[in-house]
Amino acid sequence: MSTEQTKIPQATAKRLPLYYRFLKNLHASGKLRVSSAELSDAVKVDSATIRRDFSYFGALGKKGYGYNVNYLLSFFRKTLDQDEVTKVGLIGVGNLGTALLNYNFLKNNNTKIEVGFDVSPDKVNQKIGDVSVYHMDDLEKVIEENDIQVVILTVPSQHAQTITDRISQSTVKGILNFTPARLTVPPAIRVHHIDLAVELQSLIYFLKHYPADM
Ligand code: ATP
């Protein structure tokens, strides 16, 4: 992310990839402008929030005109550093890890899983999709050689911290943690946490207690 990004609130920054993906589709279909109401409908963020978010980018929509799609796209491209591919490694090639390796992230943005790691002899030295799986013994070496910046953790949770400690002095700047473990990291590393079980439980709770308006 560029230095301009530092002025943008974190909640806004988190919505950028969502906006970016939708705007790319709009652009591809030849649309030149978009209203906050249209955007709101597509990305399911209320239009007041969208207007506030976009005002941070200096994109002021005109009444009855909306936003200029090209202007927004070039801003997002610059801000999200999409010109450069971010190199990602995945640790733990089990059911979830395999699904993520097979998922083509490049379709939507410039992110590519370059390497996988596991300890199981069934997985090591295999290729999944077009990604080679290495043994954990070579973790530090392979991360360094491939200049991996982001690591996806899909190992059993009891191994998550030990692995995190091993990569904390490397080229890695971010960890996407799919394990339920809460990780301790040095200040230079950012962790985002995705606990699918918690997300599912939370959705079910909301369905029960806050049913959608019919
Ligand atoms: P599977 O059915 O393939 O075991 P799973 O997702 O149910 O998938 P888990 O026990 O969660 O299995 O393990 C996920 C993956 O992490 C497995 O491929 C396992 O071999 C691998 N793994 C286990 N321990 C480590 C470790 N210390 N370092 C790296 N990978 C590990």
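Glycine residues also receive a Cβ, built from the backbone N, Cα and C atoms like all the rest.
According to TrEMBL, the protein carries these features:
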DNA_BIND  18-57  DNA-binding region
BINDING   GLY92, VAL93, GLY94, ASN95, LEU96, GLY97  NAD(+) binding site
DOMAIN    81-182  domain 'CoA-binding'
### Task
Write out, in the order they occur in the sequence, the residues of the chain not among GLY92, VAL93, GLY94, ASN95, LEU96, GLY97 that have a C-beta within 8 Å of the mean position of the C-beta atoms of the recorded NAD(+) site.
LEU90, THR98, ALA99, LEU100, ASP118, THR154, VAL155
## Note on the structure
Same-chain residues at least 6 positions away from LEU96 (NAD(+) binding site) with a Cβ under 8 Å from its Cβ, in sequence order, are THR154, PHE178
### Message
Is it possible to list how many residues within the domain 'CoA-binding' (81-182) are helical, extended or coil according to DSSP?
### Response
33 helix, 29 strand, 40 coil
## Note on the structure
Around the Cβ of GLY92 (NAD(+) binding site), other Cβ atoms found within 10 Å total 26
### Query
What are the non-local neighbours of GLY94 (NAD(+) binding site), defined as same-chain residues 6+ apart in sequence with CB under 8 A from its CB?
ASP118, THR154, VAL155
### Task
Summarise the model's confidence over the DNA-binding region (18-57) as a mean pLDDT value.
88
